[in-house]
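These features come from TrEMBL:
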| type | residues | note |
| --- | --- | --- |
| ACT_SITE | Cys278 | active site |
| ACT_SITE | His337 | active site |
| ACT_SITE | Asp360 | active site |
| BINDING | Asn400, Asp402, Glu448, Glu453 | Ca(2+) binding site |
| COMPBIAS | 484-496 | compositional bias 'Polar residues' |
| DOMAIN | 270-363 | domain 'Transglutaminase-like' |
Amino acid sequence: MAQGLEVALTDLQSSRNNVRHHTEEITVDHLLVRRGQAFNLTLYFRNRGFQPGLDNIIFVVETGPLPDLALGTRAVFSLARHHSPSPWIAWLETNGATSTEVSLCAPPTAAVGRYLLKIHIDSFQGSVTAYQLGEFILLFNPWCPEDAVYLDSEPQRQEYVMNDYGFIYQGSKNWIRPCPWNYGQFEEKIIDICLKLLDKSLHFQTDPATDCALRGSPIYVSRVVSAMINSNDDNGVLNGNWSENYTDGTNPAEWTGSVAILKQWYAAGCQPVRYGQCWVFAAVMCTVMRCLGIPTRVITNFDSGHDTDGNLIIDEYYDNTGRILGNKKKDTIWNFHVWNECWMARKDLPPGYGGWQVLDATPQEMSNGVYCCGPASVRAIKNGEVDLNYDTPFVFSMVNADCMSWLVQGGKEQKLHQDTSSVGNFISTKSIQSDERDDITENYKYEEGSLQERQVFLKALQKLKAERFHSSRRGADLQPSRPTPLSQDSPRSVHTPSLRPSDVVQVSLKFKLLDPPNMGQDICFVLLALNMSSQFKDLKVNLSAQSLLHDGSPLSPFWQDIAFITLSPKEAKTYPCKISYSQYSQYLSTDKLIRISALGEEKSSPEKILVNKIITLSYPSITINVLGAAVVNQSLSIQVIFSNPLSEQVEDCVLTVEGSGLFKKQQKILLGVLKPQHRASIILETVPFKSGQRQIQANMRSNKFKDIKGYRNVYVDFAL
């Protein structure tokens with residue numbers, strides 16, 4: 001008489017499956033698979049082989065603390081030939097005397113997360129035995145055409161899912177600087193940290209069963225992650241800080257990778273890490289999303305609008321010296337702002353609005369009561385479809401708001417000019433499988449000055465006005481996801497901006513730098529004044545300089561001058577200016593941004609002429625040399641060359657070096673004091689543990705500067 005079938009051992013074939021599912025970079029010791037793609041396992045039996053006609057093997061998979069068949073977080077499916085109602089499927093691959101290999105496949109809509117795998121064996125005698133086979137992690141699958149995150153280009157999948165390093169663009173539109181970053185999405189423990197992050201969200205804490213069920217949607221997961229990267233509503237990963245006071249944490253400019261941040265958050269019991277700003281939020285979100293399997297890239301928008309009242313106008317205020325003032329509306333133009341794009345289908349929107357979606361983890365405004373932003377369709381932004389979910393009006397304003405300049409004098413505001421093209425420039429991301437910058441501005445808007453661009457702007461404005469009208473009709477209890485557009489306390493904002501050409505300008509002013517603006521050196525520039533009229537012009541020009549934070553917040557002026565310029569008809573003159581290092585050094589922010597402004601007026605005219613220029617001071621970069629061939633599991637020497645660019649001694653110098661697959665953890669070297677203009681080098685020893693293209697990132701900080709950076713790409717070969 002045949003005995004009941006008993007399982008002696010299970011081989012989840014982790015190494016083989018993980019290679020097929022593109023997860024071997026994370027681990028080969030534990031099973032990590034992607035939905036919509038089969039994976040194999042082998043069952044070894046104790047007493048006899050599997051007999052298909054006599055034995056029925058039933059698989060059970062469960063995820064979350066409250067697995068439920070109806071919610072899809074529990075599935076029961078059979079190896080038997082008859083049709084199973086479950087979207088999970090299993091089939092027989094090979095059947096031996098005492099072992100059976102089977103294939104299992106999760107549906108391409110299954111919730112991602114950690115699963116428990118069990119089987120029940122129903123033998124012909126009616127005996128039922130149950131076994132727990134083990135755990136596995138299920139991820140999104142950009143290789144599966146039926147998955148909502150499917151990306152049909154292998155080079156793009158390699159860049160936006162598999163690449164664990166990249167560049168984040170900073171500086172200004174006139175000086176774009178690539179900042180190297182270690183995403184490290186496949187480093188040890190990062191997948192566990194990403195899943196813990198989902199479990200720490202407000203949604204999971206409130207309703208864990210529903211939250212886990214919704215994790216099959218990249219739209220839902222991306223909004224949860226966007227909220228969890230900042231800590232404004234929860235114990236998210238990062239505290240934001242734009243105060244210039246970072247004594248109780250890390251200056252955001254010092255970070256060179258996401259791994260140290262995520263591990264610090266996890267090790268501290270999921271308490272927020274101090275501190276982050278926009279590029280740090282975006283970089284950490286990129287790490288989490290790529291780890292979960294959602295194609296993601298980091299985007300920088302230069303001259304990025306922050307429109308707080310939804311009227312698509314950024315108001316800037318100046319005093320009579322040309323100094324930019326803070327304003328009660330908190331409208332600002334960030335010198336640069338960084339967010340993410342994630343690739344996904346959008347079946348919740350009309351056809352054609354899938355693809356790249358904007359997600360912004362920087363806590364700027366609330367969305368449905370939580371500090372998160374997106375996903376907002378990039379195509380919807382370009383077409384002015386600001387009524388489509390999620391947070392599209394806010395993102396539209398970041399790339400295409402108009403800028404209105406006002407002179408504040410004697411308690412009154414005088415309009416200086418309206419600029420329709422100053423917001424949203426050189427929108428940048430790293431190129432595919434290249435270290436070059438890719439300008440994707442045309443993805444977000446039509447060419448500035450074109451008829452299409454103005455038509456889209458007016459279309460968006462009309463939609464916001466309609467939303468304001470309908471919101472007021474619905475009543476105050478129905479609040480929009482962003483602050484009400486076209487707020488009533490801003491009467492000028494309800495009027496459509498005029499498209500009439502401005503009056504003929506008779507005098508123009510322009511700044512021109514004479515030398516590259518290097519940190520530690522004097523800044524030399526001229527003010528160019530041109531009289532385009534046939535009359536004499538007597539000008540009084542107030543000049544000023546003040547430091548800016550990258551979010552556009554002004555600091556106190558540290559330099560002022562007054563120029564009196566007489567211009568003959570059609571004459572051009574230059575007025576030389578110099579700001580010495582001693583004048584700006586103690587006032588400079590970490591962002592190294594200086595805004596020079598000139599406010600000119602004619603003696604015989606009430607008209608004012610405003611011109612400004614943002615200067616980004618540059619440092620010499622760190623040089624990294626790889627001494628010899630890089631081979632897995634063999635010692636490698638790395639030379640790091642650095643210098644003090646200043647003509648004064650700097651103290652508390654610290655060098656940090658990291659690189660996924662090259663260093664097990666971030667290296668921190670205390671350098672102490674560096675003499676003026678001193679150049680030095682150190683040799684680091686490491687043993688690469690992953691093959692392929694890798695990158696070393698380095699940063700040096702001191703009491704005078706925080707972010708002298710450098711990088712070096714390294715190809716690591718397999719050991720012979």
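All residue numbers here begin at 1 and follow the chain in the order shown.
Just so it is clear, glycine is given a Cβ too, placed from its N, Cα and C backbone atoms.
Taking the features listed in TrEMBL, we show where each one sits on the structure.
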residue : record              : Cβ within 10 Å
Cys278  : active site         : 27
His337  : active site         : 28
Asp360  : active site         : 30
Asn400  : Ca(2+) binding site : 24
Asp402  : Ca(2+) binding site : 21
Glu448  : Ca(2+) binding site : 15
Glu453  : Ca(2+) binding site : 18
Integer Cα-Cα distance in angstrom, Asn400 (Ca(2+) binding site) to Cys278 (active site): 19
Residue counts (helix, strand, coil, in that order) that DSSP gives for the domain 'Transglutaminase-like' (270-363): 15 helix, 41 strand, 38 coil
For Glu448 (Ca(2+) binding site), the one of Cys278, His337, Asp360 that lies nearest, given that the active-site residues are compared by Cα: His337
By Cα-Cα distance, the member of recorded positions Cys278, Asp360, Asp402, Glu453 nearest His337 (active site): Cys278
Model confidence over the domain 'Transglutaminase-like' (270-363), averaged pLDDT: 94
Nearest of the recorded positions (Cys278, Asp402, Glu453) to Asp360 (active site) - Cα to Cα: Cys278
Cα-to-Cα gap, Glu453 (Ca(2+) binding site) vs Cys278 (active site), nearest whole Å: 27
8 Å Cβ shell about Asn400, Asp402, Glu448, Glu453 centroid, Ca(2+) site members excluded: Ala401, Thr420, Ser421, Val423, Gly424, Lys445, Arg454, Phe457
Whole-number Å value for how far Cys278 (active site) lies from Asp402 (Ca(2+) binding site) (Cα to Cα): 22
